[in-house]
Amino acid sequence: MPLSKVEHYLSYHTRLLLPHVLSLQSSHRVAYIFSLLSAVSTGFITLISLYSQPWQKHLNYSSWQINTIASMTNLGMYLTPPILGMIADSHGPITLSLLAIIGFIPSYSYLAYVFNHPELSLGGNGDSSFNLSIICFVFIGISTSALYFSALLTCTKLYPHTKLLSISLPTTCYGISSVVGSQLLRIKWFWSSNASSSSSNSDLNLGRVFQTFALVYVVIGLLAWIATSVVSLLHFNEEQDNQKRLDDQTDVEQSPLLERSNHVQEKFTQTMLRIFSDPVTYILAVSILLSLGPLEMFIANMGSLTNLLVQLDAPTLSTKLLSTYALSSTFTRLLTGIVADFFAKKKISIKWILLTFLSLGVCAQLFLLKMTSSASPWGLVPTGSLVGIVYGGLFTVYPTLVLLVWGERSFGTVYGSLLIAPAIGSMIFCMLYAKFYDSRCMSGGGDLRNPSCISAVYKYSSIAFVVSAVLSAVVFWKLKSRKLRI
């Protein structure tokens, strides 16, 4: 298929310039490095867990408002992959890099302006300011998925024959990004003393943070544009070669090709209808909702939970907790991929990996329940590490399971559709957390009460993980009855 008009115009000047500046091999390498840098920046969205305390102190946001922001961000991230995949297939990954630029830069610029002008949130226009902030975070969520898919597709198209370069490294870079971001925010320039407080503790200055992110994405957007233009150049050259070969063929030879193409498209449509009428698809979706929903809740409310348990020096502990979580998640993604390949060679079912991570998820929720019930912060960082292990493991096992059950051709559509489940799960559990936090954990004077006020949330999340494990077992039982060896 030739370049679409959109892809043609977006990549036109870069395609003309690149062959005069770099060789084809050098273009490959530069584009790949730029794509990895893009992937490293996509996980900055996870830093939202560090924004809770500054929002509460500086803009008087309630936990409900903060969790609304987190939920809408996740909806933007998880509801759009099927659409973004269709756009990328039709117009190339360069369109996704453009969407990311359009979404990130104005959104972060506006959020910085709102934080630097708290009167917008505290005055009569507070609702409109907050609503616009929600819209900005929806765009940031969409842009995060767009930039990540842009980087992933570019790596896949540049090195399609090696999973390490095409899948593992960009995925790992996404995991590392929250570590990079949390370390970046340790720089003193991002912190400022609260003049209205007698405490010597400093607060994160989100105005400076968001301004910095806007500038970072200007640079990253340019690098992503160059990287995706290389993919368009390769596609353009490939189409020219194919056209030359087609010109040498007769019309008689071309006719069966068209018939075969129509047959393949019809078969693909039938496969999609069969998949989305299969009960296993929906049982798996509910299992994903009940497991990833509580994990997204923990990530979004890491800062407020730390503040409940510790209160003194909570921002420092929140940063440490996020770094520990991110490192554990990144390491687990790599290790799970290696173990899954080993299991496949030894013909061991992947269900043991999935059920192990779900069991660890139950343990993590029970640890959080114990900590909040006893009002003891001991073990918070190790528990955060355990949550990172479960999160990274599940986000590696679930796509692997989809690939094994429904095949490579249907993978993008099926897995992209299943990502709606964690978006809904995140919204449900984040709103549950916010409801308990605002109604039980805040006194009339705005002071925090005993951490046990939030413990009921982790009872529900523990039950959710148990039900998720049971549903996963049902999925494997149904697949086994169909004689599918996974």
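All residue numbers here begin at 1 and follow the chain in the order shown.
Using the three backbone atoms N, Cα and C, a Cβ is placed for every residue, glycine included.
Not measured: the values here are computed from a predicted model.
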Per Swiss-Prot, THR162 shares membrane side with LYS370: no
Leading stretch by Cβ pairs under 8 Å, where the reference is the transmembrane segment (68-88) and the options are 30-50, 134-154, 213-233, 280-300: 134-154
Candidate ranges 30-50, 213-233, 348-368, 386-406 - greatest C-beta contact count to the transmembrane segment (164-184) (under 8 angstroms): 30-50
Distant-in-sequence neighbours of the transmembrane segment (280-300), which means Cβ under 8 A and at least six residues beyond its ends: 46, 48-49, 66-67, 70-71, 74, 325, 358, 361, 365, 368, 387, 390-391, 394-395, 398, 401, 405, 414, 418, 420-422, 424-426, 428-430, 432-433, 457, 461, 464-465, 467-468, 471-472, 474-475, 478-479
Helix, strand and coil totals (DSSP H, G, I; E, B; other) for the topological domain 'Vacuolar' (51-67): 12 helix, 0 strand, 5 coil
Model confidence over the topological domain 'Vacuolar' (369-385) (mean pLDDT, whole number): 86
Fewest Cβ neighbours within 10 Å, where candidates are the glycosylation sites ASN60, ASN131: ASN131
Pairwise CA distance, ASN60 (N-linked glycosylation site) versus ASN131 (N-linked glycosylation site), rounded so that it is a whole Å: 15
Same-chain residues near the transmembrane segment (321-343), Cβ under 8 Å, at least 6 residues beyond its ends: 43, 46-47, 49-50, 168, 171-172, 175-176, 178-179, 182-183, 299, 302, 306, 349-350, 352-353, 380-381, 384-389, 391-393, 395-397, 400
